[in-house]
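Comments concern the structure below.
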């Protein structure tokens with residue numbers, strides 16, 4: 001599973017790595033900048049002919065951008081930094097990396113309200129844009145020349161790589177706080193953030209990659225982060241390799257009780273899902289009028305017609321046939337498309353307590 005952090009949790013992890021484990025902030029920033037460059041190399045291969053334009057803010061996100069600028073410059077790549085603050089106002093690690101870039105001779109243009117027109121010319125003459133304006137700490141809508149810069153970046157339609165999250169997003173909620181960067185590639189630093197996955201923010205993330213900035217696993221494991229994302233590798237052990245001499249009877253029999261007039265598709269999809277996850281046998285119980293339509297969809301599923309109400313839902317008199325079929329089943333799935341017709345609800349009240357096998361209850365059966 002992949003851990004998904006909030007802005008506060010990520011800040012606590014950074015602070016712990018620096019203050020308890022003695023990892024310098026400059027080192028983490030160096031690792032982030034190197035990760036940005038490696039991601040671009042992986043994406044573009046030999047991109048020595050590309051012109052890279054890096055937009056930097058005044059915080060650590062901007063510092064990451066200055067590290068990337070230095071490393072790209074040392075590779076012989078044409079790189080320009082647009083700093084949306086005065087360099088003299090930068091602090092701590094960001095200031096150190098900005099000064100290092102300046103001393104190397106990297107072109108740094110300080111963009112203010114009075115010279116915003118420089119943005120258009122710079123964007124016209126670049127191939128790749130790196131958004132290092134804001135990280136996870138943004139708490140209010142972007143305004144002023146920052147807003148104008150983001151609008152110009154989006155209009156330019158260049159390949160945009162966002163550092164950690166696209167600028168303008170609320171890191172924790174998925175909200176768009178006004179004008180936001182629309183990225184082609186987002187490089188999450190150390191951990192995924194919630195807005196990488198929550199909409200509408202997730203629509204602006206583009207391709208998503210996690211950059212390892214070398215925070216010790218002990219630091220991350222010491223935090224009680226509650227949100228995680230399930231990956232394919234987490235589920236693969238559930239699907240055991242099957243013996244060559246086995247047959248469908250070795251892999252369980254599931255009864256699906258679902259559907260009503262006009263909602264037969266929900267029943268068919270539930271039965272199909274049971275097959276897809278590996279059930280050997282699937283029987284689908286339906287109201288009589290639905291059974292005829294779904295008898296051959298999908299072909300592998302057996303069907304059972306049950307008494308129905310005038311509304312085309314399961315009737316109370318269906319209890320006996322459903323209970324009889326549930327006996328000996330490996331599991332019963334019930335609910336999708338059942339409807340909340342009063343007689344069907346009464347059937348559920350009487351049927352569910354007397355089914356004595358694992359039950360998956362969903363939708364209208366809840």
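The backbone N, Cα and C atoms fix where each Cβ goes, glycine too.
It should be emphasised that the depicted structure is a prediction, and the values quoted were computed from it without experimental measurement.
Across the residues of the domain 'YjeF N-terminal' (10-221), the predicted structure has a mean pLDDT of 96. The domain 'YjeF N-terminal' feature in TrEMBL is assigned to 10-221.
According to TrEMBL, the domain 'YjeF C-terminal' annotation covers 231-366.
DSSP places the residues of the domain 'YjeF C-terminal' (231-366) in helix, strand and coil in these numbers: 58 helix, 26 strand, 52 coil.
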